[in-house]
Amino acid sequence: MQHNSTEEQRSNGVATLANGERTGSGRRLTDEEFDRYSRQMIVPGMGKEAQLRLINSKVLIIGAGGLGCPAAQYIAGAGIGTIGIIDGDVVEPSNLHRQVGHATSRIGMKKADSLISHLRDLNPLPTYVPYTFPISPDNAADIISQYDLVLDCTDNPATRYLISDVCVLLYKPLVSAASVQKSGQLIVLNCPPTPQGRVDKKYPPCYRCCFRTPPPANTQLSCGEAGIMGPVVGLMGVAQAGEAIKILASGLHLPSSTSNDTGDDPHNLIQPALLIHSYDLNAAPGPYTFRALKMASRKKNCIACGENSPQTLTLEGIKSSNPNYLQFCGLQTPKTILPVQDRITASAYHATRQSGQLQNHILLDTREKEHFSFGSIDGAVNVPFGKLLMKAATIKRDGGNAEEILPIKSAEDPIFVVCRRGLDSQEAVEKLKELGVDHGGKRKIVDIIGGMKAWKEEVDPSFPFI
Amino acid sequence: MAPEPETMPISVDFLGGLETLFSNNPRHTISLPLLNPSDSSPANVGFLISHLVKNHLKHPRTEFFVQDDGHLTPGILVLINDADWELEGEEECELKAGDKVVFVSTMHGG
């Protein structure tokens, strides 16, 4: 069928085909569809049947950010019939270098609405469904159940585990990508969808099979903190669209249990792979720019899809906080490590300075030098947190004068430590005390609560917080 | 003087941002002692990890690679000769000359 279509298109052109040929799916493509999708339909392996499958498909894109924007553009362009976009955030100026489905004129608009307005302009034919709230254990199953395939374009591990679990339970293939700073990753999961608990043969893995435990909260890097290069996350989002189109065009999203329950299902032969993209600001593309790592198939002991998973993961359980995703990812309680007497609010620090009660003191800013270079509080000195830890480790190991950690020599002046949001600064205060820089408690070392973010909110709204 | 310990070459790759902890270099060829000097047991992946921390991890944020107890930070995938290390016994997996070990940090941003 595909072969015939291609031949006919070559000889007669696309329009003839539109008027002439009926498809097995019982519907013709409209002239508009033929015009719009002709260039992808004539690609060997695609054809009209594949295009009709795309038109009849429903794709849910979770997250309308750096991954979701480029993914959605190609999903919409390709003519997927129904496209759901879910995101609770609004468009901010700092999004726009990478979230190219939004616009300067739509800053402040809900991201789901903003992206859909862009997509409608690109292709008015699909049905677009905005969800202007975040996905949660309460709503995930209701929403995901209405789609054929899910793109995970989110930005945090708790949501990633939730989405994967629900996709396993509802038999939905999941195309998952992530990116931070100069690296990106992509993996196709649960495809073809296979019922929970089946481990008699090789079956596709879910997110938990590949990433059994989340990293500790203090090592989870977000794009807001660590930064992100637009083209890196963009490539991953585009690749997600590519995988989704491939799956839907070939019908791979249909559960393997119904398509072929007994025989050798060729779908099972798919080798799961994790694509890693490493971008180097200082080098030309090299042998490690793209790597495909072979991943294992479904794990017997996986709590979401493995042997005993029907007892450990259910849709009802998810709705009643079992599993508890935030706790699992160590995000339940924001860490406060210092007692109150070692802390001061940004506004109280400012007021004390203004009143003249605080003459000589050291204000230590532990943000990265890139952050510091955009602005700092008057008189602040920069010792990036990493450097401080390194110096502390050296002094601990080799001995030496702990005061040398500080760029200003002064044995008595109190020290105030500020960072970006108030976590590193607390650890820095602890480290300095551990090294005896506080002279056994005689010298005050204080953390400014909430960091430069609080400074902007409480003291100086014009501060360029990044 | 004690003789230099006998070593074997092991190829170690760092991906997903981990390379920034190791001199921004995604591929290292390590000369790993054949025996773990602490108990003279054959070198395994656990020993490789402590060897890397001691000799190659130049970055102060060590918690992105190992925890305080010396074990690998959760969220890092390890592939030994292209196979998930869970299938190979994780830290207990013994290494031989020419083995390829890949450490990949899981990303979550988007």
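A Cβ is built for glycine as well, from the same backbone N, Cα and C atoms used for every other residue.
A quick note: this is a predicted structure, and the numbers were derived from the prediction, not measured.
Same-site candidate for ATP binding, as annotated by TrEMBL with A:ASP87, A:SER94, A:ASN95, A:LEU96, A:HIS97, A:ARG98, A:LYS111, A:ASP155, A:ASN156, chosen from A:GLY47, A:GLY66, A:GLY77, A:GLY184: A:GLY66. Applying an 8 A CB threshold to same-chain residues 6+ apart, the list for A:ASP155 (ATP binding site) reads A:GLY63, A:GLY65, A:ALA178, A:SER222, A:CYS223. Among the binding-site residues A:GLY66, A:SER94, A:LEU96, A:CYS206, A:CYS302, the residue whose Cα lies closest in space to that of A:CYS419 (active site, cysteine persulfide intermediate) is A:SER94. Of all the Cβ atoms in the protein chains shown, 24 others lie within 10 Å of the Cβ of A:CYS302 (Zn(2+) binding site). Rounded to a whole number, the distance between the Cα atoms of A:CYS209 (Zn(2+) binding site) and A:LEU96 (ATP binding site) is 34 Å. Each residue contributes its Cα atom, and for A:CYS302 (Zn(2+) binding site) and A:SER94 (ATP binding site) these two points are 38 Å apart.
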